[in-house]
Amino acid sequence: GLFVTDYFTRTPRKLSPFRSFASIELFHFHIPEDTVIAVWNLITFKEQGGTFGDQCPDRSITVYFRSGAPSVINPLHTHFPRDTAVPGSFALTLTWTLPNRTTGVFNVTSPLPGDWFLAAHLPKDEGKISVKGLYEECQYLFQPQLIVQRLVNIAVLYPGYVTEQSMAPHNRSCLYKVFVPSYTSRVLVEVLRCRGAEGCPLWLRVRAKAPPLHNSTALDCREHALCQLALELPFWQHWYYVLVERHPGAPGTVSFQVTVQLTDCSRPSLARPPFLPSSASMNMPHSFGSAGGLVLGDSPPPTGPNSTKRPLAVSSASPAAERCWPVRPTLRNELDTFSVHFYIFFGPNVSVPPDRPAVFVINLLPVLDSGGVLNLELRLNVSSLCGENVTVFGCLNHEVPLTSSDNASVTCETESLAGFLLSVNATASLSRLRIPYPQTGSWYLSLRSFCATEHGFEPCTNVTAEVYLRAYLSPCINDCGIYGQCKLLRTNNYLYAACECKAGWNGWGCTDNSEAFSYGFQLLSTLLLCLSNVMFVPPVAIAVRSHYLLEAAVYIFTMFFSTFYHACDQPGIVVFCIMDYDVLQFCDFLGSLMSVWVTVIAMARLQPVVKQVLYLLGAMLLSMALQMDRHGLWNLLGPSLFALGIMAIAWTARSIRRRHCYPPTWKRWAFYLCPGALIAAAAVLLYAFVETEENYFYIHSIWHLLIAGSVGFLLPPRAKPGGHLGPLPRRKGCGYQLCVNEQEELGLVDPAVASINSICTS
């Protein structure tokens, strides 16, 4: 055949350590039909400071692949919520082959067509809280590329027609495809009039949706007089691929014919037996006519009307594929993104008769519905059982309905079909099923009632069970509970939802409490973070006593908003918010920076007018900086360095003018400035290098204590009444030289309690 190669790529993205599904990077691809091989080229490289990160540590990268919907991953091995079905996916771990770059390859032969999703993440880290911009962070960038090779002009088989083929010696195989419409109960593929040098040296392989593989349904025509494959319960509205393959080493040309027969169960004249009840007796409205769609049931497969050769009968492999039952549609009601309710006509109470199943279809839209959670709930009305030991079984299957058979073994699986089983009875009257990230398309729910006996389950007689049925699509499982937040995420044009847990809770629905914080621990952490701000009371008292009223107002502002910000910022249930979280955070950050700013400016001992202008200018500039980037390093470092520069200039000018170091006494340096500076430096080091998510509540509380304590040491004493900080003013009168106490100017004592004992000479 003729092959066509297509190439797809995605923009590189920065990977994050895994905490929840909200921290992964998701990539969406679309594989066309008739693809014989798909190759993903997985490129990963390091960056640090805009250059290659050769010095960055090697961290393994895990990549997940899934067809139809995003992967449901669990790298931390947490517990899933009850009644949750976990679909499988492929996983691949990339290791580093070069200092700053590595490449991995993932091949899929004959992949399923449609949407494919890749999810990638780094291993979980220790949760260190780093200050943004303090150092160049190592970034791990991931870029997937897809190369597909697909066949064009594949021969199409038409049901009931015979296709003749001659396979030359240099050809190994012939590939065909046939479309299977809805309400098809059986597919029969047959090879006729096979002639070769050694009998019929052919393999017959059949597979749905994609070309067959080595492990697909196969038949060796040499070992069977009739080379035919019968597939029960085929997928509806899909292509089936038929591969006729020559045995290795078989010589000469092989000629044969291929034909396909489909058993159609939607035509009453062909598949509906005469005793099939009317639509009214099936709890269907008369306006629906003869039940539009039908599900598989108990009648022999008919022969297609267009066959040129009547196919030989093959015994049915599944009792469920012998009768046709009506399929009841559901009404889709979209409330919001991933919030869809599926209503049943004349429901939600459903009658399940004893002699036939009740079948419903739920249609999920492509791409749009695969990012949420499909929820199903069955509740049995026990009063409708009339005292009988009745159990109602439900089978939820994708793309084809499957009814429970009339025997002791109740299952929702066949050799080629897997489903989900639900059951309700008088003891357990409620059953739930949750499917995160469901595959889109048609989901069929088949309800069947059985009575429990000594020999297992048998069909009931004269008991019609009533079941309350609820089906809906939600963003997250139970909205992530009280210890999680359901987040709506986007990758390019694809939307999906995931839970982000807090307070030590984990799991897909934030229900795993193996590492959860206790209520006492949450209360203790909240009290520590809030009450540690009481340490600002001594600086406020010192500022008021020294007549630094503006500074005292800033400290009170900081203490108030820091207390209530941390009361609102807690991850658990011990939370108290007096206003919007974003407002509290902004005010807390602004108060912290303004406290540093006004303290250092006050230490500079500037003229009152200059000091007030700097206070107002600092408030405006800090508000602007916080609005631009609230967590940046320069938001804290920039104002601090600028204020320290102003203080250094003022102190240097005063020292030059006086020809003496300012402050001039060792006591001021030893008992006030040096301890205050050391305490502030220790607080900054703890904040920048020690704080992690695990120790946050007590390290950050220590930060509050140290910062408030340093303010009490660094705040200068009360300025002299004149407010002049220049040379000592000297006034002459009556032949004496009047002097002002120099100790006040040097900042050693409080002028309110000190006596003037300077010696003045005439």
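Cβ from N, Cα, C; glycine included.
Please treat TrEMBL annotations as automatic predictions, because they have not gone through curation.
Marked as domain 'EGF-like' by TrEMBL: 499-510. For the domain 'EGF-like' (499-510), the model's pLDDT averages out at 90.
For the transmembrane segment (516-536), the residues of the chain that approach it from at least six positions outside its boundaries are 483, 503-505, 555-556, 558-559, 562-564, 566-567, 569-575, 697-698, 700-702, 704-705, 708-709, 711, judged by C-beta separation under 8 angstroms. Taken from TrEMBL, the feature transmembrane segment applies to 516-536 (among others).
Per TrEMBL, the feature transmembrane segment maps to 548-567 (among others).
TrEMBL lists 573-597 (among others) with the feature transmembrane segment. With a threshold of 8 Å between CB atoms, the same-chain residues lying at least 6 positions outside the transmembrane segment (573-597) that come near it are 482-483, 503, 519, 522-523, 525-526, 554-555, 557-559, 561-562, 564-567, 615, 618-619, 622-623, 626-627, 630, 635-636, 639-640, 643, 707, 711.
The annotation transmembrane segment is assigned in TrEMBL to 632-653 (among others).
Residues annotated as transmembrane segment in TrEMBL: 669-690 (among others).
Feature annotation from TrEMBL assigns transmembrane segment to 696-715 (among others).
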Exercise. So how many of the residues in the domain 'EGF-like' (499-510) end up helix, strand or coil by DSSP?
Worked result: 0 helix, 4 strand, 8 coil
Exercise. Any contact between the transmembrane segment (696-715) and the transmembrane segment (632-653), i.e. 3 or more CB pairs below 8 Å with pairs at least 6 residues apart?
Worked result: no
Exercise. The transmembrane segment (632-653): which same-chain residues, six or more beyond its ends, come within Cβ distance under 8 Å?
Worked result: 131-134, 589, 593, 596-597, 600-601, 603-606, 614, 618, 621-622, 625-626, 662
Seminar exercise, completed: Per the Cβ filter (under 8 Å) with a sequence gap of at least 6 from its ends, the transmembrane segment (669-690) is approached by 130-131, 134, 663, 699-700, 702-703, 706-707, 709-714
